[in-house]
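Enquirer: This is the structure I want to talk about, given as structure tokens.
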Amino acid sequence: MNKIIIVGAVAGGATCASQIRRLDKESEIIVFEKDRDMSFANCALPYYIGNVIEDRRKVLAYTPNQFYDKKQITVKTYHEVIQINDERQTVTVLNHQTNQTFEESYDTLILSPGASANRLNTHSDISFTVRNLEDTETIDTFITNTKAQRALVVGAGYISLEVLENLHHRGLDVTWIHRSTNINKLMDQDMNQPIIDEIEKRNITYRFNEEISHVNGHEVTFTSGKVENFDLIIEGVGTHPNSQFIKSSNVILNDKGYIPVNHNFQTNIPNIYALGDVITSHYRHVNLPAQVPLAWGAHRGASIIAEQLSGNSSIHFKGYLGNNIVKFFDYTLASVGIKPNELKNFDYDMVEVKQGAHAGYYPGNSPLHLRVYFEKDSRKLIRAAAVGKQGADKRIDVLSMAMMNNATVDDLTEFEVAYAPPYSHPKDLINLIGYKAQ
């Protein structure tokens, strides 16, 4: 019987445990989670802050007791793995409730410790990050108890944008700052203009090339010299992998602290696997490394690891496409493929179309901007981006499937659209991209 230890019990770890149990009813599975909660919906957290999702039970899928009762998997929360001895095949675990440590042996070790939010040096009682359910509940309680009215959001990634929208939805007066003009970095910068338009339409204050200098109580001094008072600060300034404890082992980390894995999600040590935000792998459609800390990859990794451990060695990870999407007020911004800063590795062309999301004569139409990048020689698709109030998600998902199948830009003329006036055009934007490229 295989004894499996899993480090981390959120998207990657909990899903991996479930998938293993689905295929293997006999092995002992123990999951260690350093925080309070397991199996919660990370992506729901900003909407919980905004009271868009009001019921905590909709965010939390399982408690440890429920997980054990349904799947016979032991989950120990407030238990942090602080050391790995891969030669003896043991982990050292710190019980945060008793402050005692103990060793646990394993046959197979699966690492899904995730990432932690970077922090500013504010040393402030009004400054928070949004990384887990505890963070979110703390922010929610703080806003309610202090009757917070003015909020400062720092950073311009997905979390910051979603929290900004949800704090505004909750009725707070929000100010947004970022240290540069490069926002929402997975999107082409000129296609981010709707973000600014939505901000200005709602009279939300924003400043780029701005940072916090220091915080004194509620008084925030900025690098520009401005001084303002806030009731709440949300820091969304990136993340770093929770891999410090792995340095005690022979598991290889790259220079940024991520774990390189192979097509089976194995580390350099065959009986140690890794998945989720802590890993780096490769793109599916181009020959480049890829670090994609998004939910799909964690779930795919969980399935592949489970298949491998059950003896199905024919299923492998074929790589990321980096498909991503964010809602910001009335707009959807989505992209797939390599990142904008990776285009420099290719000799490419770009084609774009700006057209209504569906037939112009049908009520409720709105503009949709679609852009596709392809290699000049092979004409293979390498990146696509879409922005609009309607239809951006559909087009990007179609192009994701096209990339998955190594389609060329010319193949897009053959895409057969599901056409009716409320949904599309007889000649869809994706078709037009193909025709324009010819």
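Here the Cβ of each residue, glycine as well, is placed from N, Cα and C on the backbone.
Below are the features listed in Swiss-Prot for this protein:
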| type | residues | note |
| --- | --- | --- |
| ACT_SITE | CYS43 | active site, redox-active |
| ACT_SITE | CYS43 | active site, nucleophile |
| BINDING | 8-33, 267-277, TYR419 | FAD binding site |
| BINDING | THR15, GLN19, ARG22, SER39, ASN42, LYS71, HIS299, LYS427 | substrate binding site |
| BINDING | 151-166 | NADP(+) binding site |
Enquirer: Is GLY155 (NADP(+) binding site) helix, strand or coil when read with DSSP?
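Expert: The residue in question, GLY155 (NADP(+) binding site), is coil (DSSP, three-state).
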Enquirer: When a 10 Å sphere is centred on the Cβ of GLY157 (NADP(+) binding site), how many other Cβ atoms does it contain?
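Expert: There are 17 of them.
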Enquirer: Nearest by CA distance to GLN19 (substrate binding site): which of the recorded positions is it, out of GLU33, CYS43, ALA151, VAL163?
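Expert: Result: the closest of the recorded positions to GLN19 (substrate binding site) is GLU33.
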Enquirer: Between SER18 (FAD binding site) and ASN42 (substrate binding site), find the distance joining the two CA atoms and give it rounded to the nearest Å.
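Expert: Cα to Cα, SER18 (FAD binding site) and ASN42 (substrate binding site) are separated by 18 Å.
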